[in-house]
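**Student:** Feature list, courtesy of TrEMBL:
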COMPBIAS  109-122  compositional bias 'Basic residues'
REGION    104-133  region 'Disordered'
REPEAT    8-40  repeat 'ANK'
REPEAT    42-74  repeat 'ANK'
REPEAT    76-108  repeat 'ANK'
Amino acid sequence: INCITTNDGRTPLYQAARCKSTNAVKVLLYRGANANLGRTSDGVTPLHWAAHKNSPEIIQLLVSKGANINCVTTDDGRTPLYQATRSKSGNAIKMLQDLGANANLGKARGSHRSSGRQKRTRTSLLNYASIDA
């Protein structure tokens, strides 16, 4: 269930989230798949894919099974919340916010914080919140 399927660190759960297959995610988690396993060499997780694909149900399933809601990619510091914002995934943004994702996390390439990226993320979140209200 937790086998790594490629040289890049992908697991069946990673692939299920990437393909937006809620039923497959449910079965894999029920059977004991590790929600934090399946990180690629650049740090992308099943939760990043669920955020990108606007899959709030998968996000909730992964977080309920221990997925780190504030995990960051190793290449450019993207969090699932940033990924959802970048992908304009409104339902995913709302779910991540409801589950407590930190909008102040995320780094630019390298080790310095990107205040511009953080500002854009917060602005996008505020814009989404005002539309949704």
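The backbone N, Cα and C atoms fix where each Cβ goes, glycine too.
Tell me what's around each of these sites.
**Tutor:** Mean pLDDT of the predicted structure over the repeat 'ANK' (8-40): 94.
Sequence-distant contacts of the repeat 'ANK' (42-74), counting only residues of its own chain at least 6 positions beyond either end whose CB sits under 8 Å from a CB of the stretch, comprise 11, 13-14, 16-18, 20, 22, 25-26, 29, 33-36, 80-81, 83-84, 86-87, 89-92, 94-96, 99-102, 105-107.
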**Student:** What are the DSSP helix, strand and coil residue counts for the repeat 'ANK' (76-108)?
**Tutor:** 16 helix, 1 strand, 16 coil
